[in-house]
Amino acid sequence: MTRIQASDTLIPRQVFDVPAESSNKARGRSNSTADTSSEGSGVKLKKQIGLLDGVAIIVGVIVGSGIFVSPKGVLMHSGSIGQSLIIWVLCGVLSMVGALCYAELGTMIPKSGGDYAYIGAAFGPLPAFLYLWVALLILVPTGNAITALTFAQYLLKPFWPSCEAPIEPVQLLAAAMICVLTVINCYNVKWVTRVTDIFTGTKVVALLVIVGAGVYYIADGNTEHWEQPFNGSFKKPGLIALAFYSGLFSYSGWNYLNFVTEELKDPYRNLPRAICISMPVVTIIYMITNIAYFSVLSTDEILSSDAVAVTFGDKMLGFFSWIMPLAVACSTFGSLNGAIFASSRLFFVGARNGHLPAAISLININCLTPIPSLIFLCIITIMLLFTKNMYVLINYVSYVEALFTLISVAGLLWLRYKQPKTERPIRVSLALPIIYLIVCLFLVIFSCFESPTEVGVGTLIILSGIPVYYLTIHNPVQWLANASQAINMWCSKFFICMPNQEKFD
């Protein structure tokens, strides 16, 4: 998987020569996120994401399927509504602490790629590749698959009101949704932002409906669910860790803006500002939404439902209950749209740095989007759709994500020691990364006792990246290098792509 630049002789020069009309057309597009170089030998990402766009990306990605799926998982492992609410708040606080730590890393290392860039700067190429490896196989496609499956379940729920929808139509609809959003992301970045804006509005409406109905229900004197809110709380550390995993899954995406730092205007100011605006907003939204759930639905009703918001709508909205699954489906649609946009840049950066086949770092000369990276992500995500238990997927994602965010924040402390004089536009209190490390260690260690299978499989996938690294990156096998070069040539011609001009050091 060798890195191939435009000047390499392995690919014919005519592959990269852009006709005058196409070149002018590409340069004239104001809606692109990349720009051609002055020599026409490559393309590079362009800064055009502002503060409000950054806030929209964070909120839009976070508020997706999680708040409509995870209430069941948090309650299942916490045992009571009182302890569930505490875990929801603590998950928001922990995510805010992690996001502030990432603000220091993101302004100190203003490169796209998020954890991949930070782990590489702190600990070298092998740990960075291992993060990319598990992100490729678990983190990104699994998170996207869960969101797509949630979209399909909610959209199909009205057709199977008294039972779960058959898994086959759910998977087919989820796959179709992923393909549609991939096409949108490939064709035009402005379409991506417009879809995000439109569907962010629908998720706000859905949450306002839930909160409004919950307030009405409580005001009518229905407070019986709050008489003993901590009755039945679990005390076992392993179960509490799994409850945190389900809650943190709902907050996952707070670091997605770090994936596109190179496309963010004035990242030294806008990155921390976007984090400080979006995270408290999301935490408040999640709190009041869960209070509404717990006020209307009993513990048994929540635990027996795979579509909590739909069950809520059936009980409170009567004839208009169909609005809820539609609104939730629109919410997950918009969330997945933003996730595909941000996460495709991770693989794009990894390929640009030589850690994935060079073809994934190519950019289409007309649409100026990383089409090979987007298609690659689409294929991996569709492959992961064929699972019947979303909560197993959540445990896979949460364990691996907690482990690597722990490594990233440990990298912040290591860089403080290793590079004390490096400029840090944002410098958080030393207590924040230490607190975050302690909590992540708790989650990682105690989850091993409660979900040994998921933890074991996740660990094996991480370790399997080591031989892959040495066979393909450190000392590449020749036939793999030749295959990578052949794929790169084919993608360049088929997708009319050019390599990215900037190197990722």
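Glycine is no exception: its Cβ is also placed from the backbone N, Cα and C atoms.
Predicted automatically and left uncurated, TrEMBL annotations should be read as such.
Taken from TrEMBL as is:
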- 20-40: region 'Disordered' (REGION)
- 21-40: compositional bias 'Polar residues' (COMPBIAS)
- 49-69: transmembrane segment (TRANSMEM)
- 81-105: transmembrane segment (TRANSMEM)
- 117-140: transmembrane segment (TRANSMEM)
- 170-189: transmembrane segment (TRANSMEM)
- 201-219: transmembrane segment (TRANSMEM)
- 239-259: transmembrane segment (TRANSMEM)
- 271-296: transmembrane segment (TRANSMEM)
- 316-342: transmembrane segment (TRANSMEM)
- 363-387: transmembrane segment (TRANSMEM)
- 393-415: transmembrane segment (TRANSMEM)
- 427-449: transmembrane segment (TRANSMEM)
- 455-473: transmembrane segment (TRANSMEM)
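Of the ranges 117-140, 170-189, 239-259, 316-342, the one with the most Cβ pairs under 8 Å to the transmembrane segment (363-387) is 170-189.
Within the chain carrying the transmembrane segment (427-449), a Cβ under 8 angstroms from the stretch's Cβ atoms is held by residues 94, 97-98, 100-101, 103-104, 237-238, 240-242, 244-245, 248, 395, 398-399, 402-403, 405-406, 409-410, 412-413, 416, 455, all 6 or more beyond its ends.
Contact between the transmembrane segment (271-296) and the transmembrane segment (455-473) is not supported: fewer than 3 Cβ pairs lie under 8 Å, counting only residues 6 or more apart in sequence. Most Cβ pairs under 8 Å to the transmembrane segment (201-219), among the stretches 117-140, 239-259, 316-342, belong to 316-342. For the transmembrane segment (455-473), the partner stretch with the highest count of Cβ pairs under 8 angstroms, out of 117-140, 170-189, 239-259, 316-342, is 117-140. Sequence-distant neighbours of the transmembrane segment (316-342) (same chain, 6+ residues past either end, Cβ-Cβ under 8 Å): 56-57, 60-65, 68, 140, 143-144, 147-148, 150-152, 154-155, 157-158, 177-178, 181-182, 184-185, 189, 192, 195-196, 198-200, 202-203, 205-206, 209-210, 213, 217, 253, 256-257, 259-260, 296, 307, 309-310, 374, 377-378.
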